[in-house]
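Here's a structure for you.
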Amino acid sequence: MQIYMVGGAVRDRLLGRPVHDRDWVVVGATPEQMRAQGYLPVGRDFPVFLHPATREEYALARTERKSGRGYRGFVVHSAPEVTLQEDLSRRDLTINAIATSADASGAGCLIDPHHGARDIAARVLRHVSTAFREDPVRILRVARFAARLPDFTVAPETLQLMREMVAHGETDHLVAERVWQELARGLMAEKPSRMFEVLRACGALERLLPEVERLWGVPQSAEHHPEIDTGAHLLLVLDMAARLQAPLAVRFACLAHDLGKGSTPADMLPRHIGHETRGAELLKHLAERLRVPADCRATADKVAREHGHIHCSNALSAAALVRLLERCDALRLPQRFADILLACECDARGRLGFAESAYPQRPRLTAALAAAQSVHSSAIAAQAAARGLAGPQVGALIRQARVAAVAQWLASQ
C-alpha cells in the first residue's frame, strides 16, 4: 500500500497559498484492507475513506471510462493494480494532476507526469488529456479556477476543446445541482468576473445562463454608466462584491440584479424602464431551473425589484422610506435587508470610475430601519385592542408610529 498527497493541496503548496484541505490517494489497497486499518468508508460512487484520526479523505486509485452523456455517464474502476499515473491521468487540469510522496509535514518529491508544476509557474490552466471532454462539469471547473486564480489564463487548446464540447451539446446534460455548486463556488472566488468571461469565451454561458449572456451588447445611459455595456457593468459589480467580501446571497443577487435589461425593447434603449419587474420574472425562472437555495433566491428577488428605489432613497420622505422598508421586509428580516443594501452598494460602485465612491444610501437606510424598529408595536397593538380596534386598523397605527419615528430621525439629520 502506497499513499500520496494529491490535487489541490499540492497545487496550493506550489502556489504558496494556505492549504486548508488535503486529499490522499491510496495505491495497491482494497476496500477490505482500508476498513481493517480503521478507515471509515464514505464514498457512494467510488471507494473513499476517512482517516480514523485526521478525518481526511483517502481515495483508492481509480480510472474512469465514459459510458454516456453528461456528468453521471461514467464507469469507475478501482483496484489494487491501478497505478498512481493512471489515477492522475483521469484528472481535469495539469495543475490538479500532481502528487507528492510527502508525509503530513509536506516533505517529499513531486510526481508530475503532466507537467503541472510548469503550468503553475507559467500561470496556465491546461487540460491533462482529451479525456477532459468526457465530463462537461470540467468546463465549469476551468471557469471557476480562472476566478479563483485570476492571474492564470486558459490554454488556447483547452479553450478550443471546451468550445467543441459546448457545440456538441455536452453542457445540455448537466444536472442543475452541479451547475449551481460550481456557479456558487465561482461567485465566491477571488475574481468572479473571470468565471463568466471564460464561460462566454467557450459559449457555455449562453447555454447555461442565457438570461445573463443577453446582457452583453445592451447599452445603458453613459451618464449613469460610463462603462455603457450592461455585461461589462455586471462584471464590475461581481468583482466589487468580492472586494467587499460579500456572502453568497449577495453575490448571486449581484449576478441577477439587472437581468431585465437584456429584454429591454430596442426602441427604448439606452433607458431601461420597467427592467426591475422584467428582471424579477427572469430571476424566478433561472432560480427554479438551477434550484438556487431559498435564501439566495429571496435576496436576489428583493434586489432585482428594489435596487432602483434604494439608489434614489436619499430623496424619499419618511412615509416613502417606511414603505420601502416594508417592501423589503426589513423589519422582520433585518439581516437580509443588510444583504440587500450591500448588493446595492456593489451595484453603485461597480461602475467605471465609481469604485472608490461612497454609498450613503446604505448607512442612511440602516439608520431609518433602526428608527422604525424603535417603535414598540406590541404596546400599540395592546392599546388598540383596548379601544376595540383590530386587523388593518392596528396595522395602520403601527405604520403611523413608524413613519413618525423615521420623520423624527430625518429631522435630526
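Keep in mind that glycine also has a Cβ here, set from the backbone N, Cα and C atoms.
Got these off Swiss-Prot a minute ago, pasting:
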BINDING   Gly8, Arg11, Arg91, Arg141, Arg144  ATP binding site
BINDING   Gly8, Arg11, Arg91, Arg141, Arg144  CTP binding site
BINDING   Asp21, Asp23  Mg(2+) binding site
DOMAIN    230-331  domain 'HD'
With the cut-off set at 10 Å between Cβ atoms, which of these binding-site residues ends up with the most neighbours? Options: Asp21, Asp23.
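When each Cβ's neighbours within 10 Å are tallied, Asp23 leads.
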If you run the three-state DSSP split on Asp21 (Mg(2+) binding site), which class comes out?
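Coil, per DSSP.
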Counting only other Cβ atoms and using a 10 Å cut-off, which of the binding-site residues Arg91, Arg141 scores lowest?
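Taking Arg91, Arg141 as the binding-site residues, the minimal 10 Å Cβ count falls on Arg141.
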Could you name the residues, excluding Gly8, Arg11, Arg91, Arg141, Arg144, of the same chain that surround the ATP site, i.e. Cβ within 8 Å of the Cβ centre of those residues, in sequence order?
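Residues close to the ATP site, other than Gly8, Arg11, Arg91, Arg141, Arg144: Gly7, Asp92, Leu93, Ile95, Asn96, Phe145.
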Arg144 (ATP binding site) has how many other Cβ neighbours within 10 Å of its own Cβ?
25
Could you tell me how many residues in the domain 'HD' (230-331) are helical, how many are strand and how many are coil under DSSP?
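Per-class counts: 78 helix, 0 strand, 24 coil.
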Between Asp23 (Mg(2+) binding site) and Gly8 (ATP binding site), what is the CA-CA distance rounded to a whole number of Å?
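Rounded to the nearest whole number, the Cα-Cα distance is 8 Å.
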Among all the protein chains here, how many other CB atoms are within 10 A of the CB of Gly8 (ATP binding site)?
17
Whole-number answer please: how many Å between the C-alpha atoms of Arg144 (ATP binding site) and Asp21 (Mg(2+) binding site)?
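Approximately 18 Å lies between the Cα of Arg144 (ATP binding site) and that of Asp21 (Mg(2+) binding site).
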Around the Cβ of Arg11 (ATP binding site), how many other Cβ atoms lie within 10 Å? Please give the count over every shown protein chain.
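Around Arg11 (ATP binding site), other Cβ atoms within 10 Å: 23.
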Of the binding-site residues Gly8, Arg11, Arg91, Arg141, which one sits closest to Asp21 (Mg(2+) binding site) when you measure Cα to Cα?
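Smallest Cα separation from Asp21 (Mg(2+) binding site) among Gly8, Arg11, Arg91, Arg141: Gly8.
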Helix, strand or coil for Arg144 (ATP binding site)? Use DSSP.
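Reduced to three states, the DSSP call for Arg144 (ATP binding site) is helix.
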How far apart, in Å, are the two Cα atoms that lie farthest from each other among Gly8, Arg11, Arg91, Arg141, Arg144, the residues recorded as binding CTP?
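That value is 16 Å for the farthest Cα pair.
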On average, what pLDDT score does this prediction assign to the domain 'HD' (230-331)?
97
